[in-house]
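*Asks:* As annotated by TrEMBL, domain 'EF-hand' applies to 2-37, 38-73, 111-142.
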């Protein structure tokens, strides 16, 4: 319920004419007032992508979808940053048992190579002995 109140507040901010929906012009105007700049055609494309009822306007439901997708993008970005911390400098793009051991040691958790191999094996979907970003993402979403 709190989330809906938050989104309703955002909708009210952008909804200049009070009709309960956000038009391309309203979105462009408010983004401009916040210091951003969007071309009208870009705003129209955004609205077309999320407009669930085809009226050319964003409803509360559409706004929630946009905000949730934005949050998901932010989560993926954060995961990528964490993945890079564990990434092996010799074999870029993968977490190896050795790179896992080093990073855990930096975090104050001492593990043997065998323990790190075992940890990786639980999420190593293709059995290559290392974790790709996809496998790391699966592990972190559990």
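Placement of Cβ uses the backbone N, Cα and C atoms for every residue, glycine included.
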*Asks:* Do any residues of this chain, six or more beyond the ends of the domain 'EF-hand' (38-73), have a C-beta under 8 angstroms from a C-beta of it, and if so which?
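*Replies:* Long-range Cβ neighbours of the domain 'EF-hand' (38-73): 3-4, 7-8, 10-11, 14, 20-25, 27-28, 31-32.
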*Asks:* Taking only the residues in the domain 'EF-hand' (2-37), give me the average pLDDT of this model.
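*Replies:* Here the mean pLDDT over the domain 'EF-hand' (2-37) amounts to 86.
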